[in-house]
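Over in TrEMBL, the protein carries these features:
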{"type": "DOMAIN", "residues": "1-85", "note": "domain 'SRCR'"}
{"type": "DISULFID", "residues": "C57-C67", "note": "disulfide bond"}
{"type": "DOMAIN", "residues": "95-202", "note": "domain 'SRCR'"}
{"type": "DISULFID", "residues": "C165-C175", "note": "disulfide bond"}
Amino acid sequence: MTSGMLEVQSATDSYWYSVCFDGWSDANSFVACGELGFPSVNSHYSVPGFTAVVITCHGTESSLDGCTHVVTSSCQSGRVALSCSLRGIEVTRQIRLRAGAHTGDGRVQVALDSEWGSICAGNTWDLRGANVACRQLGYGTARHYFSGEQFGQGHGTIWLTNVECYGNETHIGQCGFERISRVHDYSNYSTDGCSQRQLAAI
């Protein structure tokens, strides 16, 4: 099922609330679909409703829990109905995961100049970058991000470092980053403070 009425569970009383359409935005839909495991949004629309929660997101959050919530009994615009998409946002697949034990986890690699290479995690790889990578791969938002040897020591080219994303980009190329010039690192060699022991992963 990829569409239906959107409800959120209250953290205080565990009651499920409909979501008010007042102030609902594309950013809210982006976050909601990602949390539900979908990489993109088809549409959102209003249906008649009563007591609901007004939610406001920036679009960079991993889940609706990170957005602001206000319960209201005067929701004039109706409840939110949402249609998510199974299709990945970025049509070109210039990203992949390597060495993960399960689908959806592993070291993040990008293709530049027709060659695959890793991303140096450094101090900038975080959940926002992981969210962008997951959506580009056709998944929802990330559950975790890693910056070490969780998937073993890497080998081969390291292409990017200092990757900084807001979290609402459609692919890694829209994030800020520095390109490293074809560094092949098969040992403990380090460049710009990065080695094969510090690769970005999800």
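Every residue gets a Cβ built from N, Cα and C, even glycine.
The separation of C175 (disulfide bond) from C57 (disulfide bond), Cα to Cα, is 20 Å.
On the 0 to 100 pLDDT scale, the domain 'SRCR' (1-85) averages 82 in the predicted structure. Note: the Cα of C67 (disulfide bond) and the Cα of C165 (disulfide bond) are spaced 18 Å from each other. Cβ-based crowding with a 10 Å cutoff singles out C57 as the top-ranked of the disulfide-bonded residues C57, C175. Counting only same-chain residues at least 6 apart in sequence, those with a Cβ under 8 Å from the Cβ of C165 (disulfide bond) are D126, R128, G129, N131, V132, I172, Q174, C175, G176. DSSP gives C57 (disulfide bond) a coil state; it is part of no helix or strand. Across the range of the domain 'SRCR' (95-202), the DSSP-based residue counts are 13 helix, 41 strand, 54 coil.
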